[in-house]
There are 6 protein chains.
Amino acid sequence: MDNLMRAQVLVNALPYIKDYNGQIVVVKYGGNAMVSPELKDAVMKDIVLLSLVGVRLVLVHGGGPEINQQLKKIGKESKFVGGLRYTDAETAEVVQMVLAGKVNKDLVALLARHGGKALGLCGMDGRMIEVEKKRSEVDLGFVGSITKVNTQVILDALDNGYIPVISTVAADEKGQVYNINADTAAAKIAAELKAKNLILMTDIRGLLRDKEDESTLIPQVQVSEVPNLIRQGIISGGMIPKIECCVESIRRGVKKSLILDGRIPHSLLIEMFTDEGVGTMFL
Amino acid sequence: MDNLMRAQVLVNALPYIKDYNGQIVVVKYGGNAMVSPELKDAVMKDIVLLSLVGVRLVLVHGGGPEINQQLKKIGKESKFVGGLRYTDAETAEVVQMVLAGKVNKDLVALLARHGGKALGLCGMDGRMIEVEKKRSEVDLGFVGSITKVNTQVILDALDNGYIPVISTVAADEKGQVYNINADTAAAKIAAELKAKNLILMTDIRGLLRDKEDESTLIPQVQVSEVPNLIRQGIISGGMIPKIECCVESIRRGVKKSLILDGRIPHSLLIEMFTDEGVGTMFL
Amino acid sequence: MDNLMRAQVLVNALPYIKDYNGQIVVVKYGGNAMVSPELKDAVMKDIVLLSLVGVRLVLVHGGGPEINQQLKKIGKESKFVGGLRYTDAETAEVVQMVLAGKVNKDLVALLARHGGKALGLCGMDGRMIEVEKKRSEVDLGFVGSITKVNTQVILDALDNGYIPVISTVAADEKGQVYNINADTAAAKIAAELKAKNLILMTDIRGLLRDKEDESTLIPQVQVSEVPNLIRQGIISGGMIPKIECCVESIRRGVKKSLILDGRIPHSLLIEMFTDEGVGTMFL
Amino acid sequence: MDNLMRAQVLVNALPYIKDYNGQIVVVKYGGNAMVSPELKDAVMKDIVLLSLVGVRLVLVHGGGPEINQQLKKIGKESKFVGGLRYTDAETAEVVQMVLAGKVNKDLVALLARHGGKALGLCGMDGRMIEVEKKRSEVDLGFVGSITKVNTQVILDALDNGYIPVISTVAADEKGQVYNINADTAAAKIAAELKAKNLILMTDIRGLLRDKEDESTLIPQVQVSEVPNLIRQGIISGGMIPKIECCVESIRRGVKKSLILDGRIPHSLLIEMFTDEGVGTMFL
Amino acid sequence: MDNLMRAQVLVNALPYIKDYNGQIVVVKYGGNAMVSPELKDAVMKDIVLLSLVGVRLVLVHGGGPEINQQLKKIGKESKFVGGLRYTDAETAEVVQMVLAGKVNKDLVALLARHGGKALGLCGMDGRMIEVEKKRSEVDLGFVGSITKVNTQVILDALDNGYIPVISTVAADEKGQVYNINADTAAAKIAAELKAKNLILMTDIRGLLRDKEDESTLIPQVQVSEVPNLIRQGIISGGMIPKIECCVESIRRGVKKSLILDGRIPHSLLIEMFTDEGVGTMFL
Amino acid sequence: MDNLMRAQVLVNALPYIKDYNGQIVVVKYGGNAMVSPELKDAVMKDIVLLSLVGVRLVLVHGGGPEINQQLKKIGKESKFVGGLRYTDAETAEVVQMVLAGKVNKDLVALLARHGGKALGLCGMDGRMIEVEKKRSEVDLGFVGSITKVNTQVILDALDNGYIPVISTVAADEKGQVYNINADTAAAKIAAELKAKNLILMTDIRGLLRDKEDESTLIPQVQVSEVPNLIRQGIISGGMIPKIECCVESIRRGVKKSLILDGRIPHSLLIEMFTDEGVGTMFL
């Protein structure tokens, strides 16, 4: 490809750039989607680019695989209850260390290497996330449910030109630390910030009519259709909570929510700056 | 080309975007370089894009062909003295009307159509340019020489997010209007603004070792080599004043001055956002 | 007159100055009212003075006579349809050049000479005026009707201490330029800015009960009386659209609209800074 | 005089208004110059006008006659030592009450009635004036000498749009109140503020070559000529300290210092806004 | 007491400091409560401390005893009508001098000595208080009733970091000065500022069930209980207007109003920064 | 102790509070000094109090014991070379997790619980710390030496009202993470911020003339005396690098550096807000 074509590509991005200029976009970058260093690098480049062209980008991250690995190191088995990690006190501590200390700050450093100016935050910083023990039928230990999001610390970061990178751990008033589901946290943060987009980056292709066949991807879903899709079994299993996050954020004012395949290189840029839709969009 | 490649192109522009973020770049867009509507459109798109990704871009324009055309319409012959337009009172008025009223506002409208927020200014606005009659061996009529550039109005425009588009006509204290060479004006404005780059867009390939052979383009020249290149006759004729503008701006603090071929589509973007040099660069 | 009397005059202006301090006043300065250079000079001095004593003054100008003169120069006849100029493509171009390039920037230069800091704008700058073809029974060519006024560029100019000088030409989304009636534009701008006053400077004495007798001037009219005055034939002909501008601006929140005789030297100052009313005031 | 002449007068003030726009002028308004209520009213109107047209005016006042009157009321004789008031503790208290409580706040109220926004301050407010006992051959009691002027409180007032009105009493670190000569204080304040002008309003015509003959007024004096004028006896008696204040302020950066006849109505406006000089100017 | 205990005390104030941070508190410091120099000193220290730890404190003062003393000095008897001072023209002048010139500026100086940055204001400054003659059955002379409080000058002072110290004298539009009850003024100012607290410092213990027995102090009263307490005679005499001020301020949005015993050293700090209530609180 | 005494203690802190108002103080809170939860709680309360009364406090923390504990958990032995921890890649990762993820965010949460608004940062955030491998005679692995401190992120935090809490890990341009000595980092940060004080909180009494006898504490040392004290062996061992930090910060503009005994409850407040010196002060 010659440079003229390159310039042409940049120019073609113009209407998209203009559209997103000054808008808040919350990206949840999941643990499984960050497995390959090359992909992680590509996503971080996308984010720095988006930030430089004026998108007020907020990055919420997970880190399941790294948590598992660390638990293994200290000889502790991961215990799951109904698909959710049971979090005892020691696990909560590991989760905090790995997420807020390792995954978060590594992302901050990676963004810095690509020219970004990032700030690594967690729920405790500026009292961003208020939390209580999640109520559920089976006890999940120190798994938290968000009672309030204080966006001031995020807005301060954005206003000073930083990309806020957020770990979803938070402490209650007694200082007890809770692990919070990152999809849920991202959705609540997006809603509270009145973000333009919420983007959940995962390791699946999107919502498929036939789970075995990627060619049956449903590119766009009206929020009102979701209950029916659940009844039909098209939305099922682990997709249900994820899509409920999308629905909830739309209900609370986010313009567009997306499930995006993080395994596709630069899926973020392709989605935002081209006419090609990647993954499934909820409106 | 697929969207992945497109995204890749955007990402590759990252280090360049970062480098230019918040920097002032003065572009002189010359009359001959704006002949084709398609090219003009392409240049305006480049400028809107540069502005959106954080370049503080100042556009200085010429308009010789349109002036000639208008003079012809009123049945007045263009008169040149030693390659410079002789400007009588009536011509000065036509120059003002065509530049500040037609070329300038058309560019502003074109930038607006591509999503830019532009402000059409001339030397009188905010008393930007102070002028006196240019001293020269032969009388050139109302051809002006800049005595001072007041950058406040340009900086106010940039700070409020506008792309300042500047016609190089100005009035002296008695209200007499003068036509000012746009290359010279652009160089003085760039110097006064301590711009990072001054880019003179023309309709030639750049400085050629052999005028007949574009493959002999000299991509880069140290300011100190210029006198020697003039002696050797490599810099000659109409190139001399143009290159003197480049040299002068560098001497007064501009980091890099360029003569760029406006006939190459998107030469501005290629020059600024790829590793390919287009035209001749002076440092 | 001795200096004590001079000082006394200044002091007597005190309550008026105080009253207008920080208020927006939109002045439409018409083509016929700017015929004599001495009068034009006097009006510009008034405007600089008003601006220096804290009035946030916006100057909207016409330029019919200068347009006619330029059309004549290129051998084109002015064509009028029902009192309105028929504007073909070539005429639209001349209107743009003359208004935005000549009349506008000459006013800017004149204001500068009297110590004012002015900014010459037209409908394209900062996308101030959105326009469409004016619907009318007979085709008027490129005569435009305002669909939206974006006041940001005007407010930015005022906030940075400039006197915005506005030509009422604007381009639609395809880049086609339209000529817009300056009275109408001034009224819409005043309404959108929530101006304190709209002042239409013309070359007539005001609204006369008997058109032949200036001593029958009606100094003040309630907006509610206008329909009746039209029915009685007191408001008729070219006065109808002018007065409709006054009425419309009052309806949309302007406190006071005036038709002022621009032929009376310093009528602007006399109106605003003395107890003498000049012309006809609508409330 | 008709309104056209009135407007003409306003317009003629334009270059002066422009010149003083945004400049600091310190006016000392002396006790003897404020005797007649009509004159006081006229001076306050002048000051409000100056403030409205953009002069950053600081008013320092005296109040000798009102102090004498109050001392008389409590049956205390004014005692003078070498032309200076001997200030015992009880007198210091009266001075404070009369200046900061009566004269000052009355001026503030008078300015308010003419539309001004004033703030009545004394040396204690915002710790504006630091003071110590004045060293002199004969003991003067609690007569103070300024050791430092903190201009922050004055600048805060000006920046918020107030006219600061200043009484020259101040307290030392133990809380002892001192009476400070108002001319000296005004000169020090003007110097510290880098004022454009210092104007001492008095009840004399200015510096006269022959004290008995007002026609021998010296309109302008170079600071370097002052010692010679003292030697010649032209500057003598009470004029010496007054003129030393003028000289000192010029030495410390004030552009122009004036002794102005407060008995001439509107002498302030005549001096500042016409070409007529009133009183004696030091440069 | 050792330093550890001292530090412990500071730390225990933490929740209170946090609670008051950035909040407006209006303190009325009455004439009788300022009798002893030691107590006055202590109150001023409290106020400087409160200001330094982030309370936006407004000090309104009285000065009855000092007024009486000054009236006596000039041989004028204080005349009371129904418990209220009859204020003839001469008395009004003395009130203004003593309050705005002496008591006010002495407090400003005292605050400065303890490290505070204060600004001495009265009703005329920045046209803070608009006043008219108080309507009452018996003529009270120049006793004023507030028609409007313009808080801008108070807020400007607070925003620039000053402690506003306010004398409750004001002038009407003709310049006539009125004496205004300081409790009433403080209540109106607190209401207009939407203060968190209004604190009336007096020389009594608070509201007592049995006037002879301080142990019968009523620590807290609901505003709705006040009419009943008046009927029972528990609130009576001079307490009625004071408590009406408290009630009125609560009705207009103040969170808590207090009658506080100024004779108790540091009662202000004890009330605000400990769990001990001093005096009677109205909510 | 009664409340009067409590208030008295608060008032006595007034001059100290005034002195520190708006000043930057950098506190290094060391690993050994944070052993007891009660002490840690007390220190955090001190810090919140200091922040609320206007000190711009920056907290730099260590965490040696918690690192050791975590290394033990994963079955890794801490290896020391010449008193310094040898840091292999796996250790560097643990250091990052424990410091930036656990110790840092726990302090942030603790500050929040006492009413503070804190922000947990490390060297990567906002590219605060630029680092390279520390040059030393024996290889220490990934132990870093600071090449530059970018204070912008710290100042942004302070300006927005946050207490910055800093972990001293940083990444080089390749993303390699380094462990940095917290004393050194605190000293460099304090110097770069032109802090008023640098306070190193440790678990020793200060500099002792006789190490066995706490009564031989040297309360104050001139920087120029340090070489002599080293020669005499009074400063020796682990004290040498600590004291060199103090000396270096003083040389670069910090007013006062302190070694403070973190085991004494509220030693921070006692040192700063009483006349009692705790530990050893360097000037």
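Backbone N, Cα and C atoms are what each Cβ position is placed from, and that goes for glycine too.
For the substrate site, TrEMBL records C:Gly63, C:Gly64, C:Asn179, and the single candidate of C:Arg56, C:Arg85 listed with them is C:Arg85. Under DSSP, C:Lys242 (site 'Transition state stabilizer') is assigned to a helix (H, G or I) in the three-state scheme. When the alpha carbons of C:Asn179 (substrate binding site) and C:Lys28 (site 'Transition state stabilizer') are compared, the span between them is 16 angstrom. Comparing the binding-site residues C:Gly63, C:Gly64 on other C-beta atoms within 10 angstroms of each C-beta gives the minimum for C:Gly64. Across the recorded sites listed here (C:Lys28, C:Lys242), the residue whose Cβ sits among the most other Cβ atoms within 10 Å is C:Lys28. A straight line from the CA of C:Lys242 (site 'Transition state stabilizer') to the CA of C:Gly64 (substrate binding site) spans 15 Å. A gap of 11 Å separates the Cα atoms of C:Gly63 (substrate binding site) and C:Lys28 (site 'Transition state stabilizer'). Spatially close to C:Arg85 (substrate binding site) yet at least six residues away along the chain are C:Gly64, C:Ile67, C:Ser78, C:Lys79, C:Thr91, C:Leu140, C:Val143, C:Asn179, judged by Cβ distances under 8 angstroms. Counting every protein chain shown, the Cβ of C:Asn179 (substrate binding site) has 26 other Cβ atoms within 10 Å. In the predicted model, residues of the domain 'Aspartate/glutamate/uridylate kinase' (C:24-260) average a pLDDT of 94. In this record, substrate is bound by C:Gly63, C:Gly64, C:Arg85, C:Asn179; the longest C-alpha to C-alpha distance in that set is 12 Å. Reduced to three states, the DSSP call for C:Gly64 (substrate binding site) is helix. Those residues of the chain, other than C:Gly63, C:Gly64, C:Arg85, C:Asn179, with a C-beta within 8 angstroms of the mean position of the substrate site C-beta atoms are C:Gly31, C:Gly62, C:Ile67, C:Asn68, C:Val95, C:Leu99.
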